[in-house]
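For reference, TrEMBL has these:
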type	residues	note
DOMAIN	18-128	domain 'Ig-like'
DOMAIN	133-225	domain 'Ig-like'
TRANSMEM	233-256	transmembrane segment
COMPBIAS	267-277	compositional bias 'Basic and acidic residues'
REGION	267-337	region 'Disordered'
COMPBIAS	281-317	compositional bias 'Polar residues'
Amino acid sequence: TRSLSITSVDQSMFEKAQGEKVTLPCTFILSEEDEGPLDIEWVLIPADNQKKEQIVSRDFFWTALIQLYRIYNNYYAAMTGRMQFTNPDPKSGDGSLDILNLKSTDTGTYQCKVKKAPGVQSQKIQLSVLVKPARTKCSIEGSQEIGKDVILKCVSQEGSPLLSYNWRRVSGVTGIQELPATSTLNKNTGELLLKNASQDYSGIYSCVASNRVGTDECSIELNVTPPINTAGVIVGAIIGTLLGLFILAFLVFCCCKKQREKKYEKEVHHEIREDVPPPKSRSSTARSYIGSNRSSLGSMSPSNMEGYTKTPYSQVPSEDFERPPGQNPTFAPSKVAAPNLSRMGAVPVMIPAQSKDGSIV
């Protein structure tokens with residue numbers, strides 16, 4: 001007797017790039033004995049066995065009611081809007097599934113189950129969604145000097161393993177050139193080692209990163225130059241350092257000198273007081289004292305002269321006028337006659353005279 005059977009068994013594994021579309025086949029043949037309702041179910045078995053199976057699509061047919069119920073896009077939220085049956089009428093024997101805009105998370109095992117009682121059949125298909133190499137970057141490691149070893153590196157920021165790297169030398173005139181004879185390429189890591197580099201190694205190098213679903217490329221320019229005169233660099237650095245230290249010391253010296261000058265001016269300013277008058281001269285001190293005595297005597301009347309005590313000039317106080325007793329100055333008697341005060345209506349005043357011993361008469 002015949003029973004329900006699945007005919008799409010030729011291909012059980014698919015590899016697609018991220019963003020592409022894939023069609024998972026599931027064709028079947030019904031038997032006359034299969035009289036129950038038709039049920040087509042797609043199940044995703046994740047690569048991680050710890051995760052549960054997910055129903056991604058289902059179709060139900062009840063031939064007796066001649067009604068078609070399609071229930072899908074409600075079981076696996078990650079595929080919402082990206083999944084559809086290839087044939088709008090799966091009861092014709094085609095229950096294949098289309099998945100649009102593939103993502104890396106779509107990788108896994110898909111199982112197609114076809115049920116029509118009493119017949120039941122299923123088929124598993126392996127899907128691998130690969131990511132193309134992208135954002136590939138080239139770099140140079142090591143000194144670009146003659147006789148040194150230089151490493152050219154190539155790394156893709158995106159891309160499913162296993163990635164393969166290949167370096168080539170590009171020339172603007174003849175196109176692609178052969179790599180230097182001393183070069184060593186590691187296709188798995190993307191490193192190109194150039195030993196004992198010479199100026200002939202200079203040029204533009206291109207790296208191509210690839211996997212089973214795509215490629216990406218980057219380029220870099222290598223410029224091998226003569227070695228730098230390290231002795232001259234060291235001497236220049238030493239001279240520059242000494243010059244800098246000298247300038248720094250000079251600036252410190254100038255600052256210290258300026259500080260000392262300011263300190264000295266401040267001290268001198270505090271020592272000179274504005275409220276203290278300058279010292280009097282000797283002659284001015286003596287004259288001021290004699291003048292004061294004369295004025296006081298001239299204002300006295302003859303009746304008051306008796307009580308006046310004569311003071312010798314030797315006792316005149318002075319701040320700076322200090323002399324021994326034998327060197328006291330002598331003054332000649334005054335020859336100036338007193339004016340006729342009676343006519344002026346004033347009291348006559350006697351002017352004292354000085355004797356030889358210095359006393360006032």
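From the backbone N, Cα and C atoms, a Cβ is placed for every residue, glycine too.
Non-local neighbours of the transmembrane segment (233-256) in the same chain are absent; no residue 6+ outside the stretch has a CB under 8 Å from one of its CB atoms.
Per-residue confidence over the domain 'Ig-like' (133-225) averages out at a pLDDT of 92.
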